[in-house]
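K.L.:
My structure is below; once you've seen it, I'll send some questions.
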Amino acid sequence: MPLSYQHFRKLLLLDDEAGPLEEELPRLADEGLNRRVAEDLNLGNLNVSIPWTHKVGNFTGLYSSTVPVFNPEWQTPSFPHIHLQEDIINRCQQYVGPLTVNEKRRLKLIMPARFYPNLTKYLPLDKGIKPYYPEHAVNHYFKTRHYLHTLWKAGILYKRETTRSASFCGSPYSWEQELQHGRLVFQTSTRHGDESFCSQSSGILSRSPVGPCVRSQLKQSRLGLQPQQGSMARGKSGRSGSIRARVHPTTRRSFGVEPSGSGHIDNSASSTSSCLHQSAVRKTAYSHLSTSKRQSSSGHAVEFHNIPPSSARSQSEGPIFSCWWLQFRNSKPCSDYCLTHIVNLLEDWGPCTEHGEHNIRIPRTPARVTGGVFLVDKNPHNTTESRLVVDFSQFSRGSTHVSWPKFAVPNLQSLTNLLSSNLSWLSLDVSAAFYHIPLHPAAMPHLLVGSSGLPRYVARLSSTSRNINHQHGAMQDLHDSCSRNLYVSLLLLYKTFGRKLHLYSHPIILGFRKIPMGVGLSPFLLAQFTSAICSVVRRAFPHCLAFSYMDDVVLGAKSVQHLESLFTSITNFLLSLGIHLNPNKTKRWGYSLNFMGYVIGSWGTLPQEHIVLKLKQCFRKLPVNSPIDWKVCQRIVGLLGFAAPFTQCGYPALMPLYACIQSKQAFTFSPTYKAFLCKQYLNLYPVARQRSGLCQVFADATPTGWGLAIGHRRMRGTFVAPLPIHTAELLAACFARSRSGAKLIGTDNSVVLSRKYTSFPWLLGCAANWILRGTSFVYVPSALNPADDPSRGRLGLYRPLLLLPFRPTTGRTSLYAVSPSVPSHLPDRVHFASPLHVAWRPP
C-alpha cells in the first residue's frame, strides 16, 4: 500500500507524538528505509515511457520560446542626461575623508570600465534588429530605431561615423579627449581646388571633417578659436592640401557621393540643411566602407550646391542623391499603396543622418553589429513603456567565452543578520543604473548594435530580397518594397514620428558608451559601484545603515524624522556625484523592508507576498502522476528553492527533484510527495537573525556512538549499527538541540557546520533540517571538544568547558555567485543512500 501523507509526516518526525528522538532519528539514516520510501513515493523511478508534460501553469521549459507580446502603443522611456562625475573619488574624499583601499579599487574599476573579449564575431547589419515580432515587423523596426536614437541622444551610445571615428552627445570624459591628442583639426579638400571644410575641435573633434561645421564654428572653443577664424575655410580656395594635426588618416569620411559642381558653403546653409545631403546615403557609404581603400589624399569631401535652408525641393532635382527614401519623390506611384504618396506628404524630410556634438577617434570598427536588439515590456507591471533587450550572448558562449568575474551576493542569513532590526527603511530608485557607468571607447568595436536601414529590413522579410540592388538602389527596383502592409504601417508611424521616418529609414551603427545590460560584466560592475557608494555613505553618516544590491539601494535609520533628513542629505550627495535618482519611485517601507524579494523586519525575513502567491498557484497547477519535463522542473525548483529556507524541511525536501534534473529525466509527482511539499510551503516560518552569545552545548560522535556536553552534564549513547561519520555527527547535533533547546551548538564537523543537509540520506536530511532550524553552530577543534570523551564512551574524564563566543556573520562574501546569478545551488550528488560511498567534498 502506498505511503499516505499522514504516515510520511510521522515518519519524518514532523508530528509531536513521535517516540524518543535517540531511537527514531537514526532509523531515518537507514539505506533500506530510504529506498523503500523513494519507491513508495515514486521518486526513484526516473525512466518513464509516458510522454512528458512540457508546461505547468506559467512554467514552461527553460529554453521555451514564450513569445513576448508586441504593444503598438509602447512609449520609449526618456533618459536623463546621465554623467557620472569623473572625479568621483575626489568628491567622495571631500565628503568623508580618505577612502579605503577597497572603495578606491571599486571606483577605479568603473572609471572607465573596460571590456576585452577573447574573440568578437561580427554579424551582418540585417541581424541588428531581431525579427521578434513578424506580424509587426515595420512597427518594431521604427520603435527600436527610435529607442536607439533616444539612447544616442542621451549620450549612452556612440554613433559610428567612419571606420575610425564616432560621434556622441553629452559631456565628454577626459579619456575621450585624449584620443584626439587635443589638437585643432583642419581639413581641406583638393578635389576641384575648391572651398575647404573646417572642423574645429574643443579637445575632441567637434564633428568629423564633413558637413555641419557651421554650428561648431559658432561654439566658443576651449582652444579659443573665434567664429570669424572658423570661416577662414570659406573663400580661400588657394589652400589645397590638408592642414591636419596628427589625426589618423581615416577620420575622413569616404562617402560615395559625386559632387555635381562646386560652390561656396554658405553660412546660410544652416546645420540642418548642410546635413541634408551629406549623409550621401549611409547605404551606399556602408556598402563600400568596409572594403574601400583610402580614397583621394584628403578623402571625399561632399560638396553642395548653394542651398538656402528651405529649399529642400532642390534636392530632388540634383540627380545624384541615392537616398532610398527621397528617391520616391521623383518616381511615379506604382499603386495606391506606393511609398511615393507618403514621401510627398512633406516638403522637408530633414537630414539623412544626424551628427553628435563631439567626435572621437576609435579603434577600427567594421560596419557590422555584434549583437541584436529587440523591445519588450519595461516590466510585468508596466506594459506602457518598452525596454530594449540587447543580446550580446556571443560573449558567454562557446570555447572563446569570457569568464565573467564573480562577485559576492549576500545570502539570506547574512542579509537577515544585517538588516533585521527595528529601523525605519526607505529604498532609492537609481534611474537607468547601468547607464551610469562609462565604458572606454576601446570597447566600442565589441559592443555594436544597429540596423541595416528600412529597405533592407523590409526586403529581408519579403521574398523579393533578391531583386534589390543594394549598391545602387537602382530605380527599377525602388518599388519592390512597396506593399499595402508597409504603406499602412508607415502612415500610422508617420503620426508618431513625422519626418523622423526618413532619418530612421537609413542604416546606422552604434557602439555602447555606457555599459549595456546584455553583457555578464555589467552586473559585476554595477554591484562594485553601488557597494562602494553605500560604503562611503555608511561612513559619512555613521547612524545610517545604507546597503545595496545592484541598483537597489536601501537606507535605514532609528526614526522616521531622522530617516527623512538623512534622505535629503544623501540624495544631494548622490546627485553631486552625478547619480540620477528617480524621486517618484522612492519607497518608504516603515519598519518592514522589501528587498531582493524578501520582507525583512525585526522578527526576521520572509518571502514577499507575490512569491507566496506564485507558490500557491504553482501547487494548484502541479499535475499528479504525470511525468514533467526536467526543464520545467528546473523552473519549479527555482521558485521552490527561493522559499525553501522558510519551510520546515528546507532544501532537503527538494532533493528528489534535484536528482531528476541532474539525470535529465522527467519527474512524476506522487500524491503523497505533492501533499508533503504543498503543506511545507503553506506554512512559512521566518528566518530569524542570529544573536551573538557564548556556546555552552557541545556535540560529538564516532561511527558507533554519540556524546553531548550540556553545561557540566555529560551524556552518551550508542548507535544500533555503525554509521558514516557525517551522519553520526548530524544525529549528535540533533540530540544536543532536542535535549538542551540551545540555539548555539559547538561541533567539530564541517558538514554539520555548513548547515547544508542535502548530501545526507533523504529522510534524515528533511528531519534534521526541522530539528536544527534556527540553530547556529560554532566550530570547536576535536582536541578541545568537551563532548569528545563521552562520544568514545568515557564519561569520567572531564575536559574544561570552553567558553566559545559566537558572532553572527554579515559578511557579503558568504556566497559567491557567478554573475549574472545562476539557479539556486544544485548539489554535486543527490543520494537516497547514505554518504558512506561518497568521497565528501567540502561545501
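Keep in mind that glycine also has a Cβ here, set from the backbone N, Cα and C atoms.
Annotation comment: Swiss-Prot describes 1-177 as region 'Terminal protein domain (TP)', evidence class sequence analysis. Taken from Swiss-Prot, the feature region 'Spacer' covers 178-346. Swiss-Prot lists 220-273, 289-316 with the feature region 'Disordered'. The compositional bias 'Polar residues' feature in Swiss-Prot is assigned to 289-299. The feature region 'Polymerase/reverse transcriptase domain (RT)' is assigned by Swiss-Prot to 347-690. The annotation domain 'Reverse transcriptase' is assigned in Swiss-Prot to 357-600 on the grounds of sequence analysis. Among the features that Swiss-Prot reports, Mg(2+) binding site is placed at Asp429, Asp551, Asp552, with the record citing sequence analysis.
How buried are these features, and what lies next to them?
P.N.:
Along the region 'Spacer' (178-346), the predicted structure has mean pLDDT 46.
Cβ environment of Asp429 (Mg(2+) binding site): Asp551, Leu581, Asn582, Lys585, Thr586, Lys587 lie under 8 Å away, each six or more residues apart in the same chain. DSSP assigns Asp429 (Mg(2+) binding site) to a strand.
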K.L.:
Using a Cβ-Cβ cut-off under 8 angstroms and a sequence gap of six or more, which residues of the chain neighbour Asp552 (Mg(2+) binding site)?
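P.N.:
Listed in sequence order, they are Ser427, Phe595, Met596.
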K.L.:
Excluding Asp429, Asp551, Asp552, please set out which residues of the same chain place their CB within 8 Å of the center of the CB atoms of the Mg(2+) site, keeping sequence order.
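P.N.:
Neighbours within 8 Å of the Cβ centroid, excluding Asp429, Asp551, Asp552: Ser427, Leu428, Val430, Ala433, Ser548, Met550, Val553.
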